[in-house]
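Engineer: Before I ask anything, here is the structure I am working with.
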Amino acid sequence: MFINRWLFSTNHKDIGTLYLLFGAWAGMVGTALSLLIRAELGQPGTLLGDDQIYNVVVTAHAFVMIFFMVMPIMIGGFGNWLVPLMIGAPDMAFPRMNNMSFWLLPPSFLLLLASSMVEAGAGTGWTVYPPLAGNLAHAGASVDLTIFSLHLAGVSSILGAINFITTIINMKPPAMSQYQTPLFVWSVMITAVLLLLSLPVLAAGITMLLTDRNLNTTFFDPAGGGDPILYQHLFWFFGHPEVYILILPGFGMISHIVTYYSGKKEPFGYMGMVWAMMSIGFLGFIVWAHHMFTVGMDVDTRAYFTSATMIIAIPTGVKVFSWLATLHGGNIKWSPAMMWALGFIFLFTVGGLTGIVLANSSLDIVLHDTYYVVAHFHYVLSMGAVFAIMGGFVHWFPLFSGYTLNDTWAKIHFAIMFVGVNMTFFPQHFLGLSGMPRRSPDYPDAYTMWNTVSSMGSFISLTAVMLMVFIIWEALASKREVLTVDLTTTNLEWLNGCPPPYHTFEEPTYVNLK
């Protein structure tokens, strides 16, 4: 029974739960790696050993957080759980493929961990640029294992994307148009399209790298007429849509949370929100070379990528101001989920502003590969994606489990986390502006103060993570059942009770369109 339910599951709720548990576990691994990084940088001098091991930790931290924490939780966990419930579908379109998408991830994770256990590990950074990732600078199997890990994670995501697109287009009630689906459903569909279009390019790039390393091809080796810059173009054509893949489902969740706790029946500017997400998805594909301002492109190319990147700020601004307009005049309930959402809006905006700074090719020449870039993307990920995940988790926890969290503890957790992440990443802007380079385990004494502050902040965040584990334990141990849920008419996922029965919407859903 246990094996049939959890290994061979074809139920979107069980698979969603598996994704959430896997993502939480990977999140612990990723957090542990990040604390190793901050321990190393807490004071000048070396702690872990040589530069290679440090870079292996940095590389693994990135891969674990992106491919095994944020994506499985947001798309796999929340996506699987909520999309079928929100559109009144009995399950996903391809339930067995759904199970396969999940079970490709643990082997992928295993390959990534194996890559750091053999030879010297893959100390390439998550970008895996040749020639550093070639078979000369990285002899041995480490990079090859990392490439195979990425292949598996990529296949998993592509299959998941096909599944979500089919489900969302094909399994709505006949009377419901695409423009009547909730914003989270839209965000997952747009994310799935981005995955479907970008991952094959990554697969091509890393497969060419694999043959360069093992079969003596020269795709990225000038000695045989290749070009390492080609790899960068292929990687970033995936890598830039990827960062929007990481944040778009978060946008969807924040829209739901802000609307719900403002007591509104719909978000402000629904169509504007949809078009903004579609614009962000489209523009995400035509700005990739802003990661490459230092490789020597012509001034016209740089001018284009600078301008195109700045255009993304417009639909993003539409979203931020629509969230604020949703709050306006609402009957605001100060729940923990609302706090995460408000924290998201503020800190994501800060991260967006530093992004606008980095979009300027002339400034980026100076700031590229400094801690300013690290601070920028950690503001949008560590305080954007993670805050959205936390907000979504505390908001939908009663739906997933049938139990309520302790409100006071959840608010204390938010406060500690808020202080921790800001204390960790705000000083990194100063370090970057004074020229401290990324991916280096040691630094001149001049950078000591802000690094120490940053490392202290990381330990505050660790405290918050440990408190979160306690809060979840407390909720599951106390078993306070959910009494009522407000606004179920405009929040379809709550309609079947908390937790919903194993099978929902077994007969076609009746939709009364206003």
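Placed from the backbone N, Cα and C atoms, the Cβ positions cover glycine too.
Checked Swiss-Prot, it gives:
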| type | residues | note |
| --- | --- | --- |
| TOPO_DOM | 1-11 | topological domain 'Mitochondrial matrix' |
| TRANSMEM | 12-40 | transmembrane segment |
| BINDING | GLU40, GLY45, PRO441 | Na(+) binding site |
| TOPO_DOM | 41-50 | topological domain 'Mitochondrial intermembrane' |
| TRANSMEM | 51-86 | transmembrane segment |
| BINDING | HIS61, HIS378 | Fe(II)-heme a binding site |
| TOPO_DOM | 87-94 | topological domain 'Mitochondrial matrix' |
| TRANSMEM | 95-117 | transmembrane segment |
| TOPO_DOM | 118-140 | topological domain 'Mitochondrial intermembrane' |
| TRANSMEM | 141-170 | transmembrane segment |
| TOPO_DOM | 171-182 | topological domain 'Mitochondrial matrix' |
| TRANSMEM | 183-212 | transmembrane segment |
| TRANSMEM | 228-261 | transmembrane segment |
| BINDING | HIS240, HIS290, HIS291 | Cu cation binding site |
| BINDING | TYR244 | O2 binding site |
| TOPO_DOM | 262-269 | topological domain 'Mitochondrial matrix' |
| TRANSMEM | 270-286 | transmembrane segment |
| TOPO_DOM | 287-298 | topological domain 'Mitochondrial intermembrane' |
| TRANSMEM | 299-327 | transmembrane segment |
| TOPO_DOM | 328-335 | topological domain 'Mitochondrial matrix' |
| TRANSMEM | 336-357 | transmembrane segment |
| TOPO_DOM | 358-370 | topological domain 'Mitochondrial intermembrane' |
| BINDING | HIS368, ASP369 | Mg(2+) binding site |
| TRANSMEM | 371-400 | transmembrane segment |
| BINDING | HIS376 | heme a3 binding site |
| TOPO_DOM | 401-406 | topological domain 'Mitochondrial matrix' |
| TRANSMEM | 407-433 | transmembrane segment |
| TOPO_DOM | 434-446 | topological domain 'Mitochondrial intermembrane' |
| TRANSMEM | 447-478 | transmembrane segment |
| TOPO_DOM | 479-514 | topological domain 'Mitochondrial matrix' |
Engineer: Could you give the residue numbers and ranges of same-chain residues that sit at least 6 residues beyond the topological domain 'Mitochondrial intermembrane' (41-50) on either side and whose C-beta is under 8 angstroms from one of its C-beta atoms?
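Structural biologist: Contacts with the topological domain 'Mitochondrial intermembrane' (41-50): 57, 441-445, 447-448, 451-452, 454-456.
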Engineer: Any idea what the Cα distance is from HIS290 (Cu cation binding site) over to HIS61 (Fe(II)-heme a binding site), rounded to a whole Å?
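Structural biologist: With the alpha carbons as reference points, the distance is 23 Å.
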Engineer: Which entry in the list of binding-site residues, GLY45, PRO441, has its Cβ near the fewest other Cβ atoms, using 10 Å as the limit?
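Structural biologist: Lowest Cβ count within 10 Å among the binding-site residues (GLY45, PRO441) is GLY45.
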Engineer: Rounded to the nearest angstrom, how far is the Cα of HIS61 (Fe(II)-heme a binding site) from the Cα of HIS368 (Mg(2+) binding site)?
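Structural biologist: About 20 Å separates the two Cα atoms.
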Engineer: With a Cβ cut-off under 8 Å, give me the same-chain residues at least six positions beyond the ends of the topological domain 'Mitochondrial intermembrane' (434-446) that come close to it.
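Structural biologist: Result: 40-41, 44-48, 51, 54-55, 58, 125, 369-371, 373-374.
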Engineer: Against the transmembrane segment (95-117), which of these stretches has the most C-beta pairs under 8 Å: 12-40, 51-86, 228-261, 299-327, 371-400?
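Structural biologist: Looking only at 12-40, 51-86, 228-261, 299-327, 371-400, the most contacts with the transmembrane segment (95-117) come from 51-86.
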Engineer: From the centroid of the CB atoms of HIS240, HIS290, HIS291, the recorded Cu cation site, which same-chain residues not already listed sit within 8 A by their CB, in sequence order?
Structural biologist: TRP236, GLY239, VAL287, TRP288, ALA289, MET292, PHE305, THR309
Engineer: Output the single range from 12-40, 270-286, 299-327, 371-400, 407-433 maximising the number of Cβ pairs under 8 Å to the transmembrane segment (336-357).
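Structural biologist: Maximum Cβ contact count belongs to 371-400.
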Engineer: For the recorded Na(+) site formed by GLU40, GLY45, PRO441, which further same-chain residues have Cβ atoms within 8 Å of the site's Cβ center?
Structural biologist: LEU41, PRO44, THR46, LEU47, LEU48, TYR54, ASP442
Engineer: With a Cβ cut-off under 8 Å, give me the same-chain residues at least six positions beyond the ends of the transmembrane segment (183-212) that come close to it.
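Structural biologist: Beyond its ends, the transmembrane segment (183-212) has Cβ neighbours at 75, 78-79, 82-83, 86-87, 128, 130, 133-135, 143-144, 147, 150-151, 154, 157-158, 160-162, 164-165, 168-169, 218-221, 226, 231, 234-235, 237-239, 241-242, 244-245, 248-253, 255-256, 267, 270, 273-274, 277-278, 280-281, 284-285.
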